[in-house]
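Feature list (source: TrEMBL):
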type	residues	note
DISULFID	Cys206-Cys227	disulfide bond
DISULFID	Cys305-Cys326	disulfide bond
DOMAIN	38-156	domain 'Ig-like'
DOMAIN	160-255	domain 'Link'
DOMAIN	260-352	domain 'Link'
SIGNAL	1-15	signal peptide
Amino acid sequence: MKSLLFLVLISVCWAEAHPDNSSREHERIIHIQAENGPRLLVVAEQAKIFSHRGGNVTLPCKFYHEHTSAAGSGAHKIRVKWTKLTSDYLKEVDVFVAMGHHRKSYGNYQGRVFLRESSENDASLIITNIILEDYGRYKCEVIEGLEDDTAVVALNLEGVVFPYSPRLGRYNLNFHEAQRACLDQDSVIASFDQLYEAWRSGLDWCNAGWLSDGSVQYPITKPREPCGGKNTVPGVRNYGFWDKEKSRYDVFCFTSNFNGRFYYLIHPTKLTYDEAVQACLKDGAQIAKVGQIFAAWKLLGYDRCDAGWLADGSVRYPISRPRKRCSPNEAAVRFVGFPDKKHKLYGVYCFRAYN
């Protein structure tokens, strides 16, 4: 009888460990933990942190042991590693590593990141002089001996998403050209989260554009026939993922505030494009970029009814207070087009960077 009971118990244990064949690969990893051992816990006090370009920010991360009040057991050195998660979560970008007195930062984070270390269990990361590319999700990993744990913090930036297409017209950019087009206009290619927030704030655009994860999408707040039909619900429409080399669409760019002055240049005459470029230079500035006019409009409330040249050869003007003859129906950056650079005459928007 005892032998039979022993065999039954063995069968039950085996059935619980291997409920089906599909899970056997996962069951090969066995976690051993002492019942009263000092289990390592990593905690982020805030899941989202908000900042802006040019600012400084602290991504919170602290570590504890579940069964002790001490930060570390003292038996092993603590290793802290910060990485940035890519949009598809398949790859991580190294940001910062610390172990003992050794510190190392990577890529464009070099010289801009360090640990706060306000206490012996503080692994929070300080990022200084934030750039647009810093936006995203960061993972804090703490390792002590055989134990490790992680926490994820999202860094959001105040900014504006805008649709962009080049002089050649709509649907002329592959993914890599779209990335360069945004960079050329003082912005970066937008993420889905940024486009979604822009849609929630009222962005309505019928042309599909690339996003940073390689997908092609567009935001609709007012359903209508040319944009999926009048009877469809508002939302961000998803075309899916396309060939980054061969497929061609517009792009959604994201920009934040800037360290400088955006302004319409008061000039006695209207100008050709080349004359506009030179007029800004003569005034100690550069001809403004598309990202800069959108940032000035959205973040600073810039309002001007005069159409002016921008660096990409387009002509636009920002309206924050809709009124007769100046975008009567909505606040927007109005797009005039890509006029003939040599013969058409307009004003010009300039940008002077602060040192």
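Cβ atoms are placed via backbone N, Cα and C, with glycine included.
TrEMBL entries are annotated by machine, without manual review.
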Set of same-chain residues at least 6 away whose C-beta sits under 8 angstroms from Cys326 (disulfide bond):
Cys305, Tyr317, Ile319
Cβ neighbour count within 10 Å of Cys305 (disulfide bond):
14
Using a 10 Å cut-off, grab the number of neighbouring Cβ atoms around the Cβ of Cys206 (disulfide bond), all chains included.
15
Over the domain 'Link' (160-255), what does the predicted model average in pLDDT?
95
Other than its own, how many Cβ atoms are within 10 Å of the Cβ belonging to Cys227 (disulfide bond)?
18
